[in-house]
Structure formats: structure tokens, C-alpha cells
Amino acid sequence: EGRVEVYHDGKWGTICDDQWDDHDAEVVCRQLGLSGNPKALSWAHYGQGSGPILLDEVECSGNELSLDQCKKSDWGQQNCDHIEDAGVSCDPFTGMCLQFCAKGSVRLTGGRSPSEGRVEVYYDGDWGTVCDDGWTDLGAQVVCRQL
């Protein structure tokens, strides 16, 4: 998950969130080789970029193999600020947790592989981190068993 950036004409840039929706997110996740529950995020949810804004008005059907196959503005043609940078979550739990995740569900994020990372728990409709005060190998064993 994160801000979506594309490489064009020798530079990386962001995508404006005008028309940005879950169909676009589905294509981004597919292009990155990620499965999950694609979710489009707007208004620089993952922070504002600093380079050029390279795409605007992206409208995918959701079946495309890459963003380049989607209807969109010409490269560099946009009317946005970085506060409108588009983001995507390909996390299999995003959105689904509202219906399927039980209080206390656990996930690992930010690791180099799916079997390591920061421990997060699901509570009251949101994911949060676990403080390391009193954290021991026993706690890690419980998390690994739960996963």
C-alpha cells in the first residue's frame, strides 16, 4: 500500500486522484503482481509526492494489465496539486475487515517478507500497532501461532 508513482520520460511522478477509484486500484495491484482487496485512496492519504504529477483523469475498467492501457489524460497534462496524489492498498484485509476480521485479528506489516514485520491488531474498525513494553519471545510466539 502507498502513494502510486509512475515512471515516464526518465522521471518518477504521482497520479492525480481525479476519477480515481477501486477499478484503477485493481489495475495497479495487478501490475505490481499483488493480490488482495484493491482499494483506491485519495487526497494524499499516504503523503504528498514532491516530483511532477504525471497522470490525471485515470479511468480503468479494472480488466487492464497496466495503467498505460487505461483511459487517462496525456502524460503531464493535469490540473492538480500534490494534495490530490492517488494511493492504493492491495492489502487483503483492507475493506474486508469491516465484515470479516474479528477484534484482535493480527497482521505483520513493513517487513521484508510476509513472515516478518511490525505487529498490528484489528480493534474497533481499525488497525493499530502494539507497544513493545513487556514484549518478549512469548508474545512473538503467540502472534506467529495466530498467523
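Placement of Cβ uses the backbone N, Cα and C atoms for every residue, glycine included.
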Check your understanding: When you check TrEMBL, which of Cys16, Cys29 turns out to share a disulphide bond with Cys90?
Key -> Cys29
Check your understanding: Of Cys16, Cys144, which cysteine does TrEMBL list as the disulfide partner of Cys80?
Key -> Cys16
Practice item. Look at the disulfide annotations in TrEMBL and name the partner of Cys60 from this list: Cys70, Cys97. Key: Cys70
Revision key, fill the gap. For Cys90 (disulfide bond), the closest of the disulfide-bonded residues by C-alpha position, picking from Cys16, Cys60, Cys70, Cys80, is Cys60
Point to revise | Within the domain 'SRCR' (1-91), residues counted as helix, strand or coil by DSSP | key: 16 helix, 24 strand, 51 coil
